[in-house]
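Per Swiss-Prot, ATP binding site is recorded for Gly38, Ala39, Thr40, Gly41, Thr42, Gly43, Lys44, Thr45. For 25-183, the entry in Swiss-Prot reads domain 'Helicase ATP-binding', with the evidence type sequence analysis. Here Swiss-Prot flags 428-594 as domain 'Helicase C-terminal'. The annotation domain 'UVR' is assigned in Swiss-Prot to 622-657 on the grounds of sequence analysis. Marked as motif 'Beta-hairpin' by Swiss-Prot: 91-114.
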Amino acid sequence: MPPLKVHAPYEPRGDQPQAIAQLVNGLNSGLVHQTLLGATGTGKTHTIARVIEQVQRPTLVMAHNKTLAAQLYAEFKEFFPENAVGYFVSYYDAYTPEAYVPSKDLYIEKEAQINEEIDRLRHEATQALFTRSDVIIVASVSAIYGLGSPTDYGQVALKLKTGEIRNRDKVLRTLIDLQFERNDLDFHRGTFRVRGDTLEIFPANAESAFRIEMWGDEIERMVEVDPLTGEILTQKDHIEVFPAKHFIPNADKMQAAIGDIRLELEQQLAHLEGEGKVLEAARLKQRTLYDLEIMEELGYCSGIENYSRHMDRRSEGQTPWTLLDYFPDDFLLVIDESHISVPQIRGMFNGDRSRKQTLVDFGFRLPSALDNRPLMFDEFSKHVHQAIYVSATPGVYEYQHHEQVVEQIIRPTGLLDPMVEVRRTRGQIDDLLGEIKRRVDTGSRVLVTTLTKRMAEDLTDYLKEMGVRTQYLHSDVDTIERIDILRDLRLGVFDVLVGINLLREGLDLPEVSLVAILDADKAGFLRSESSLVQIIGRAARHIDGTVLMYADTITPAMDYAISETRRRRQIQERYNQQHGIEPKGIVKAVRDLTEGMKKVAEKPAAYQTAANPDSMTKEELFKVINALEKQMKQAAKDLEFEKAALLRDQLTEMRQTLALIDNTALLESVNRKPRAKAAMVVEDTGKRKVKGRSRGKL
């Protein structure tokens with residue numbers, strides 16, 4: 001495997017060289033807990049990348065939300081293009097957990113919508129940990145939630161080599177055991193299909209498929225192919241196919257688990273009936289016996305994760321398997337924005353436990369469901385071999401446990417921390433409006449943070465009435481829309497972004513020159529020392545960065561944030577004078593922020609249909625045909641087959657129009673190849689097309 005190697009157009013500068021050296025020395029000397037106290041815009045991610053390069057160890061980078069994790073994933077992919085950089089977050093686009101509300105006698109069934117691309121990336125991440133040592137995984141708090149046993153997942157992989165003798169039926173049975181489904185019509189991730197002596201497998205972690213050609217029981221040839229077009233991409237001497245799901249039920253374990261579940265059911269029924277909970281006992285019996293019947297028939301059931309303790313053969317209260325168990329013992333842990341991430345990790349267990357305890361008490365689940373849970377913080381801590389906590393405002397835990405704090409205050413660009421000014425609240429909106437107009441006239445952007453949703457909505461409406469292009473970012477906005485809003489802000493689609501608690505950590509917005517903090521003197525976590533420092537940091541990437549605090553008194557939190565910002569500004573000024581550095585604003589392409597994020601959570605795009613072909617020239621027809629062909633393939637890839645069929649029909653109409661033009665050479669160059677591709681789209685919808693005869697309609 002290639003070594004972990006950073007590819008960057010610049011070398012470490014400012015405080016980065018000494019920070020890298022201190023962190024590496026700390027790791028080499030065995031320090032378990034280190035903190036990188038880095039100001040906004042000082043290149044903390046670059047520093048961590050250089051540390052990883054020097055220690056050459058598999059690394060887990062944890063962030064506190066999907067958006068920040070996606071941003072880090074994109075950055076590490078750029079820093080380590082030759083290495084395996086994975087992304088592991090919750091794969092739910094929409095998720096409603098199973099719950100029961102006793103006061104309303106309301107049972108809420110679990111509902112989940114899985115994002116296929118994130119699921120693929122999760123498999124890609126875990127498989128990289130079994131096949132490579134040059135691995136960096138960027139994860140959210142999902143890393144501490146239950147996952148299948150790494151032993152079951154890693155040791156059962158199907159390995160095939162060209163030229164070896166393998167019984168085809170046994171290979172197919174192995175694929176079934178690995179949770180692959182046979183589907184000769186709809187070929188997608190986690191399925192395989194058989195055509196004569198040819199077996200095709202679509203791995204759960206891949207965007208391409210494997211084609212295995214056999215002569216009897218001999219593997220004659222293996223190739224990697226495009227699953228849509230069938231185009232051969234590369235020849236393979238050997239392949240390794242990992243399970244299609246992270247939970248792999250073993251036949252022997254399944255039977256033992258079913259026996260244990262029946263025994264637990266009997267015990268819990270006796271307990272409930274002894275307390276006079278007849279309704280709860282009847283409910284539990286009906287639900288559990290139904291699940292057992294499905295499991296005996298199919299080897300799987302909805303909500304099988306609630307029986308994971310029995311499936312994994314764990315004892316009551318035993319630590320569940322998580323992503324952390326997939327790493328080697330000496331892995332490096334990096335926790336980004338640790339002042340938020342650490343409390344989040346600490347709180348996951350209690351929130352999950354409370355909800356499930358209610359389900360158990362009222363007969364919806366067996367007590368063993370409580371062991372389908374995230375790690376307790378003590379359990380998480382036991383997995384930590386060596387950790388680096390990264391934050392501009394480290395929390396209590398970091399200060400209590402650190403063995404070394406490394407400061408990174410100086411920015412390589414010479415940019416100074418923003419000027420902070422406190423203004424009275426009287427007439428604050430009119431004052432803010434004037435400041436916004438001045439900033440908009442210079443082509444920069446503005447962030448405004450409020451304390452309440454009502455105030456944010458009213459302010460957004462008022463600014464729009466005043467002719468200011470304004471958008472409101474709130475907690476109901478999903479990940480994709482949030483990314484779009486941030487991109488539009490950077491592109492100048494609008495100029496002012498108003499929010500509450502969403503304008504703090506991790507937002508990389510170099511175009512923002514003004515941050516306005518309304519009600520800065522109100523007590524609470526939204527105006528705490530760390531919150532104010534983080535909000536101020538949003539203006540630290542612009543050469544004219546300014547922060548306006550609207551308040552009638554200066555609170556201790558405000559005083560600390562202003563003093564700390566002033567201290568950092570003075571340090572940067574001295575450094576700039578000593579080295580003759582002229583501050584320069586950060587210039588970062590918009591794609592740097594958004595492309596990596598949207599890749600991991602992209603919704604199917606809208607497909608454009610063509611105009612009237614009769615009104616087009618020959619050259620225009622060629623362009624439209626090529627464009628429609630690409631859209632048709634993308635629609636089929638997104639399983640939008642109705643749209644693919646519509647585009648196919650339009651392609652047919654285009655080609656008929658083109659046929660009227662007496663240029664046979666051009667006609668053949670366009671018409672021959674696209675027809676073959678159109679057939680592939682038809683084939684992927686599950687309708688065979690043989691020798692010009694169509695069996696079934698799309």
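Here, residue 1 is simply the first one shown, and the rest follow in order.
Positions of Cβ are set from backbone N, Cα and C atoms, glycine also.
Annotation: Thr42 carries the greatest number of neighbouring Cβ atoms among the binding-site residues Thr40, Thr42, Thr45 [cut-off 10 Å, Cβ to Cβ].
Cβ atoms under 8 Å from those of the motif 'Beta-hairpin' (91-114) belong to residues 122, 303, 355, 358-359, 362, 364-365, 478, 601 of the same chain, restricted to positions at least 6 beyond its ends. Note: the ATP site is recorded as Gly38, Ala39, Thr40, Gly41, Thr42, Gly43, Lys44, Thr45; in the same chain, Thr47, Ala392, Gln408, Arg411 also have Cβ atoms within 8 Å of that site's Cβ centroid. Across the motif 'Beta-hairpin' (91-114), DSSP helix (H, G, I), strand (E, B) and coil residues number 3 helix, 15 strand, 6 coil. Within the same chain, the residues at least 6 positions away from Gly43 (ATP binding site) whose Cβ sits under 8 Å from its Cβ are Pro12, Gly14, Gln16, Gln408, Arg411, Pro412, listed in sequence order.
In sequence order, Ala392, Gln408, Ile409, Arg411, Asp417, Gly537, Ala540, Arg568 make up the list of same-chain residues 6 or more apart from Ala39 (ATP binding site) whose Cβ falls under 8 Å from its Cβ. For Lys44 (ATP binding site), applying a Cβ distance below 8 Å and a minimum sequence separation of six or more within one chain yields Leu36, Gly38, Val390, Gln408. Of all the Cβ atoms in the protein chains shown, 23 others lie within 10 Å of the Cβ of Gly38 (ATP binding site).
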